Amino acid sequence: MSLKEEEVDNDKPMTFQDSRHQIDNNKQPDDKRLLHFGDAKKDMEVESKELVLSLQSQLTDSYKKMQEMEYQSNRLKATLREKDDKWQKSLSRLLKGTQDLRWAQLDAKEEILRLQFDWKDQLKNFGEELQTLVAAASGYHKVLAENRQLYNEVQDLKGNIRVYCRVRPFLTKDSTKQTTIDYIGENGELVLANPGKPVGKDSRRSFTFNRCFDTKSLQEEVFLDTQPLIRSVLDGFNVCIFAYGQTGSGKTFTMSGPTNMTPTNWGVNYRALNDLFEITQTRVHVFRYEIGVQMLEIYNEQVRDLLVTDGSHKKLEIRNNSQLNGLNVPDANIMPVTSTDDVLELMKLGQKNRAVGSTSLNDRSSRSHSVVTVHVQGKDLESGSIFRGSLHLVDLAGSERVDKSEVTGDRLKEAQHINKSLSALGDVISALAQKNGHVPYRNSKLTQLLQDSLGGQAKTLMFVHISPDADSFGETMSTLKFAERVATVELGAARSNKESGEIQILKDQVYQLKEVVAKRDAEIAILNNTIKEQLEKADNIANTEKVKGKPTNASKPRRRTSNEAQAQKGRKTTTENGNANAEVCLISKSSIYAQNSRR
Ligand SMILES: Nc1ncnc2c1ncn2[C@@H]1O[C@H](COP(=O)(O)OP(=O)(O)OP(=O)(O)O)[C@@H](O)[C@H]1O
């Protein structure tokens, strides 16, 4: 190290080697050495002291540092210990939690097992109870069905008009509306709620009919309940099913089906005919049946044939059918049908004819009554007995009372006719319900047409249709009240139009004899006229001779010849049998069924 460097480093504490080095460097000749030895020694001592001091200071610093470090280390240890404690604690808590969880899991498992066991037990009991209930329910339904059958038999015996009520579901456009139907029971109970009076005496009104179909009832269900009635047509009974209710309440839906028809939503008309065809097939070896269909419309009090193919609008007359083989409207076409396809074709033709003169079919259907009549003639192949049954399927015009001030022109006329015919129906029902001697059938074409079904020995069923809509409450109430009145009407026990083979043969002979007699009567009438003319001629000649003064044979009182006497007698017979010609007419009409069937 250079001196300069040494000087620069003076501040640094001198090490032992530095001092040795200095000593070595300071080595001088002996005399000088001795001289300076003491100084050097002193210096060295100073240096040593300084060195010691410096070392001591370093030592003190180191010690301090060491203490500092020890302190830091202790603090670190303490923190670590603290953390360790905390960790230990959370670990033990975690362990405890896990342990608890495990216990809870075990408990839960045990509980689940116990519950499973209990459930199994309960399920078993429930199953057993359910089986008992199912058995009871099937018994209940059986009893219910038996009750209904018995009730129907009683009805048959009493001859009450049966009334089935059907509630139309809300249409999609008004599905959020409030309903007026509070309750529908299994035994035909229906409770109507008054939306204007939610509480109080008049808030509810209950009705009971033979059956009530709720909004979910299917076409098939509705038909099944009607089927036995319809089938009795094949045994020679007259059956009438009519659909009553305000416009849009579902009459056409029940009787025919919706517009987009498929076999699943076919109405009563199609199902009835289909069923009749099926049964005739199963009885083919025992009976021979002929089925014919008429389709009529009563519009503005005029009866129209809906099965015309030439577009004619002939006005038809309704007759008393006692001598017309069950034909109320003998001039209307009767189309023979043997299959459902035939029926579908006819219905299409009928609908097409019904739509004539109307802007929309639905308009027209609301404003006219349509009547599909199924005529069935059966022959018992063994005994030769003949049955004649007819089934009227009537879709009435909407029953709402139209306020006359609201409509004018054609609509007013239509409304008046609908009101007239429906109130005539109401009057007939009232007269029948009160067992009046006089029943005013002749007040409308509708009641005239249904006379046999309403007053004869027919089986009659009315489907009363209602809408659940709160806006229709008034109409619904009056419809149900009308239906309630209809249900009280007793028609007397239904009777089959069955004639034994012998009676039928005798009747045929009587018809033939009557025809012969009628022919003879006509011939005699002609003869009488001829004789009368000749007698008058002879009298004239005699008178002329008398005037001339010649006595003639003619002036003497003349004895009548046997021919003249016969002619006179013939004249009398014709007068006595005043209706003879009319009878000829009726008798020839009696074969119209056969003629039409052949057509
Ligand atoms: N039970 C039902 N289920 C489903 N839709 C129905 C039901 N009854 C009626 N409808 C529907 O309600 C609407 C009105 O029914 P429908 O035409 O049968 O009434 P209506 O009483 O015959 O009317 P109108 O007096 O005008 O002839 C139709 O769209 C029909 O499809």
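Cβ coordinates come from backbone N, Cα and C, glycine included.
Lifted from TrEMBL, the feature list:
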BINDING   GLY245, GLN246, THR247, GLY248, SER249, GLY250, LYS251, THR252  ATP binding site
COMPBIAS  18-32  compositional bias 'Basic and acidic residues'
DOMAIN    160-489  domain 'Kinesin motor'
REGION    1-32  region 'Disordered'
REGION    542-581  region 'Disordered'
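Features as recorded by TrEMBL, highlighted on the structure.
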{"residue": "GLY245", "record": "ATP binding site", "Cβ within 10 Å": "29"}
{"residue": "GLN246", "record": "ATP binding site", "Cβ within 10 Å": "21"}
{"residue": "THR247", "record": "ATP binding site", "Cβ within 10 Å": "19"}
{"residue": "GLY248", "record": "ATP binding site", "Cβ within 10 Å": "18"}
{"residue": "SER249", "record": "ATP binding site", "Cβ within 10 Å": "27"}
{"residue": "GLY250", "record": "ATP binding site", "Cβ within 10 Å": "22"}
{"residue": "LYS251", "record": "ATP binding site", "Cβ within 10 Å": "29"}
{"residue": "THR252", "record": "ATP binding site", "Cβ within 10 Å": "21"}
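When secondary structure is read from DSSP and collapsed to three states, GLY245 (ATP binding site) falls in the strand class. DSSP assigns LYS251 (ATP binding site) to a helix in the three-state reduction.
Residues ARG168, ALA243, PHE253, SER366, GLY398, HIS465, SER467 surround the recorded ATP site, their Cβ atoms falling within 8 Å of the Cβ centroid of GLY245, GLN246, THR247, GLY248, SER249, GLY250, LYS251, THR252, which are themselves excluded.
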